[in-house]
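Below is one structure, written out as structure tokens; the observations come after it.
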Amino acid sequence: MIDSHCHFDFAPFSEDPAHYLALARQAGVNKLVIPSVGVRNWQAVRQLATEQDGVYFALGLHPFFSADHTVAAERQLAAELEAESLLRAKNRSHCVAVGECGLDFAIAEVDRDQQLTLLSSQLRLANHYGLPVILHCRKAYPELLRLLKQIPPVAGGVYHAFSGSLEQARQMIDLGLKIGVGGTITYERAKKTRAAIAQLPLSALLLETDAPDMPVAGFQGQPNRPDRLVAVMDALVTLRSEPREEIEKVITLTTAELFHIPH
Ligand SMILES: [Zn+2]
């Protein structure tokens with residue numbers, strides 16, 4: 001299985017990445033994608049992907065940290081993606097996406113225009129380099145949808161940490177995006193999200209932990225970990241009609257194809 005969204009450069013993983021990767025592999029999670037949050041961690045995520053097997057990364061400017069992103073950061077992102085595209089031509093890049101990017105109108109000091117501008121430029125960069133996008137969205141769904149219709153992601157992408165309605169998921173899928181299924185579905189009370197995930201086409205789903213965030217049911221208060229992707233898979237199996245092997249096979253293939261990860 002592939003954890004399509006894991007902040008593996010954060011604590012506690014940063015203290016002993018090999019240990020946490022071994023735990024993940026024992027659980028059957030042998031690949032992961034690390035999204036970045038801004039200039040400050042691009043080097044760390046790249047280094048992890050270089051040093052550890054089965055680790056891939058994305059470069060982006062996370063809306064939660066909008067206040068940190070200077071105008072220069074946008075130019076730097078373009079330069080980094082250009083450098084990665086040259087490596088990709090030689091099959092030596094582990095950069096598989098642009099992200100995480102998106103809109104977060106739930107944070108205290110929101111500059112909506114800045115966030116919209118930053119997201120637009122990241123959508124254009126992703127299209128220019130033929131990379132998928134990893135999207136984050138909180139309290140900004142209508143604005144996100146509008147922008148995605150203006151600048152459709154040509155190489156697709158994922159709407160990460162999905163916790164919306166069936167209609168929203170379908171709108172995202174119509175735009176060529178996948179739905180990131182995380183720990184939310186391990187909670188019985190997440191009725192709307194669980195019902196939506198049960199009805200969507202299997203080929204539209206990716207699995208993710210968002211570790212160390214989004215703890216799965218039963219582990220609240222602890223940092224989440226990539227090996228707990230299994231708990232998300234277990235919950236998904238109970239919601240779906242397909243057998244477990246098929247769910248695992250289809251989702252792993254979908255994830256590998258989206259990010260052009262060898263499988
Ligand atoms: Zn994230």
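Cβ atoms are placed via backbone N, Cα and C, with glycine included.
Quantities reported herein were computed from a predicted structural model and do not represent experimental measurements.
These features come from TrEMBL:
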- His5, His7, Glu100, Asp210: divalent metal cation 1 binding site (BINDING)
- His136, His160: divalent metal cation 2 binding site (BINDING)
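All features noted in TrEMBL, drawn onto the structure.
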{"residue": "His5", "record": "divalent metal cation 1 binding site", "DSSP (3 states)": "coil"}
{"residue": "Glu100", "record": "divalent metal cation 1 binding site", "DSSP (3 states)": "strand"}
{"residue": "His136", "record": "divalent metal cation 2 binding site", "DSSP (3 states)": "strand"}
{"residue": "His160", "record": "divalent metal cation 2 binding site", "DSSP (3 states)": "coil"}
{"residue": "Asp210", "record": "divalent metal cation 1 binding site", "DSSP (3 states)": "coil"}
Same-chain residues at least 6 apart in sequence with Cβ under 8 Å of the Cβ of His136 (divalent metal cation 2 binding site), in sequence order, are His62, Pro63, Phe64, Gly99, Glu100, Cys101, Gly102, Leu103, Asp104, His160, Ala161
For His5 (divalent metal cation 1 binding site), the same-chain residues 6+ apart in sequence with C-beta under 8 angstroms from its C-beta are Val33, Pro35, Glu100, Ile134, Val158, His160, Ala161, Gly180, Gly182, Leu206, Glu208, Thr209, Asp210
Within 8 Å of the Cβ centroid of His5, His7, Glu100, Asp210, the other same-chain residues by Cβ around the recorded divalent metal cation 1 site are Cys6, Ile34, Pro35, Ile134, His136, His160, Ala161, Glu208, Ala211, Asp213
Long-range Cβ list for His7 (divalent metal cation 1 binding site), cut-off under 8 Å, min separation 6+ in sequence, same chain only, gives Phe13, Ile34, Pro35, Val37, Asp210, Ala211, Pro212, Asp213
Ranked by how many other Cβ atoms lie within 10 Å of their Cβ, the binding-site residues Glu100, Asp210 are led by Glu100
CB neighbours within 10 A of His160 (divalent metal cation 2 binding site), counting all protein chains shown, number 25
